[in-house]
Amino acid sequence: APLEPVYPGDNATPEQMAQYAAELRRYINMLTRPRYGKRDRGETLDILEWGSPHAAAPRELSPMDV
């Protein structure tokens with residue numbers, strides 16, 4: 001993971017604060033961006049396989065569903 005930017009202090013110049021704000025924004029975006037990897041692959045394949053013979057058969061509604 002990227003390192004969190006260091007706060008320049010209360011006496012920092014506006015340029016230093018702007019630099020810190022930009023680095024902090026990049027850092028937060030990096031931590032919160034969606035990840036598309038092996039774990040997501042299962043969900044996307046389900047959509048593609050709707051018509052395949054391996055798709056789960058629709059089940060009857062149970063009393064719990066009603």
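The backbone N, Cα and C atoms fix where each Cβ goes, and this holds for glycine too.
Annotated in Swiss-Prot:
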- Tyr36: tyrosine amide (MOD_RES)
Quiz item: Three states by DSSP: which one describes Tyr36 (tyrosine amide)?
Solution: coil
Exercise. Give me the non-local Cβ neighbours of Tyr36 (tyrosine amide): same chain, 6+ apart in sequence, Cβ-Cβ under 8 Å, ordered along the sequence.
Key: none
